[in-house]
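The transmembrane segment annotation in TrEMBL covers 12-31, 69-89, 95-115, 127-143, 149-166, 173-195, 207-228, 261-284, 290-307, 314-334, 346-368.
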Amino acid sequence: MARKSEKFLELYGYDLLLGSIAAFYVFMVPYTKVEESFNVQAMHDILYHRHQIEKYDHLEFPGVIPRTFVGAFLVSILASPVVLLMNLLHLPKLYSLYAVRLVLGGIALSTLRFFRIQIKKKFGSQVEAFFVILTASQFHLLFYCTRPLPNILAFALVNLAYGFWFKGSLYAALNCMVFATLVFRCDILLLIAPLGLELLLTKSVSFWKALTSCLAAAFLSIGLTVLVDSVIWRRWLWPELEVFWFNSVLNRSSEWGTHPFHWYFTSALPRSLLAAYPLFLLGVLLDRRVFFYILPVLSFVLLYSKLPHKELRFIISSIPIFNFAAAVAASRVYNNRKKSFWKFLYIAMLGLMLGSLACTAVFFMASYENYPSGYALKALHRIGGVTKNSDELSVHIDTFSAMNGISRFCEDNYPWRYSKEEKISLQDFQMRNFTYLLNENLYIEGFKCLMSVDGFSRVHLRTGFPPISLAKAPKVFIHGNIRNTDITNRSWPGCSVIP
């Protein structure tokens, strides 16, 4: 029995470690943001409305640009047995959100496992161990890997591509990236282009064979997404073509904010890699094999830096390769730790890893407080659901609240009813028959503020220990209709005034 346990831990110990951390983030921070809204609503609708497409959220709130349902279908199909059991047990729908996020995380980490195994075969078990240590000590990769973003669906396929690349199955690697580009994220084109060029220049692949293989993968990918999405969206559609046109040709993505060219290298990568950031540079210097793998990924980040609108999630697919390069450096430093000069590098590396853990703790605490409307709706269900009559309880969710933690998975059954109707002025709410409002405004005529929910505001530096504290401020306010005295006369926590 002990030998079986040892064998199991030897095979799956690293996966249990990374999976446990990712699952911890799911259970502690279950709610989702606006960036995840399309896929999370799509998963809800597939699981709960099934073939009743007319009830799907995207028909009422299509968003700025359409996205594919392919990934949502895959995750929903895998999660459906668990969700069915939850429905039979009459558990809240929020439990289904846990299920789909855990399934998505399982997919992403399974592909990361495939890549990790190829690292072990090519560079040894010690490099593999440091790869896991660095990944576990970082916040963003394991936090994001369960979040229903198109970037994460592409991330899973890119991990497969990395694994095939290290394995020597180069055409399979290119095919995975083609599928990721044409179905989930057109920006993976910026990764496949330098990778393909490198493989051609080093004569690792045949041009005509690569072209034939990639064209076949492209026809399959486009056919799948057009077939699925044209049915669901009720018009002929290739979503990523419209995304490419919107973001790259029209450059409309800059309407959501811009950053300078260097932002990925001076902000996003240092935050996401932490200790691995200086170590990956050292890895390139210590092992010349690393440069071959780093160059296409570094080119990807450089090319992406040309686009004005930047977010960390856009380059999350680069993190595994940077972690690999850092693991090579960490392994070399560890092996030479008893030598005079290397001893100082070893101590510095340990300090960097401890610093990574501290930064990860701060990032987690900030993220925990960054979904105020999810907590607000949960509190409303707990306190505001008991009434003297059986009338429906209608809740209006404003745009800010819908963007910061609320999805259809957060909704309860009768007597609760929900509206996300937009463009209602604050003065017009008193003429509507809403029981409650979840709103970012403290004062709304015709309603009484019942309670407020705080959210993350900023990081505050202070003297003493710890030197960092997180400042919070009221973000979402729950209002009750003053005509409903049964509700307004009840004991509520009250509203904090925005400082």
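For all residues, glycine too, the Cβ spot is worked out from N, Cα and C.
Contact between the transmembrane segment (69-89) and the transmembrane segment (12-31) does not hold: fewer than three of their C-beta pairs are under 8 Å, each pair 6 or more apart in sequence. Remote same-chain partners of the transmembrane segment (207-228), defined as residues 6 or more beyond its termini with a Cβ less than 8 Å from a stretch Cβ, comprise 68-70, 73, 170-171, 174-175, 178-179, 181-183, 196, 199-200, 236-240. Each of 12-31, 173-195, 261-284, 314-334, 346-368 was scored by its Cβ pairs under 8 Å to the transmembrane segment (95-115), and the highest score goes to 12-31.
Spatially, the transmembrane segment (261-284) is not adjacent to the transmembrane segment (173-195); fewer than three Cβ-Cβ distances between them are under 8 Å for residues at least 6 apart in sequence. If one looks beyond the transmembrane segment (149-166) by at least 6 residues along the same chain, the residues whose Cβ comes under 8 Å of a Cβ in the stretch are 35-36, 39, 67-68, 71, 104, 107-108, 110-112, 114-115, 117-119, 121-122, 172-174, 176-177, 179-181, 184-185, 188, 191, 195, 293, 313-314, 316-317, 320-321. Below 8 A, the CB atoms of the transmembrane segment (173-195) and the transmembrane segment (127-143) form no more than two pairs separated by six or more positions in the chain, fewer than 3 in all.
Packing against the transmembrane segment (12-31) from elsewhere in the chain are residues 94, 97-98, 101-102, 105-106, 109, 112-113, 116, 128-129, 132, 135-136, 142-143, 145-146, 364, 367-368, 370-371, 373-375, 405-407, 410: each is 6 or more residues past its ends and has a CB under 8 Å from a CB in it. Long-range contacts of the transmembrane segment (346-368) within its own chain (CB-CB distance under 8 A, at least 6 residues past either end) are made by residues 25, 28-29, 133-134, 137-140, 143, 271, 274-276, 278-279, 330, 333-334, 336-337, 456, 459, 468, 470.
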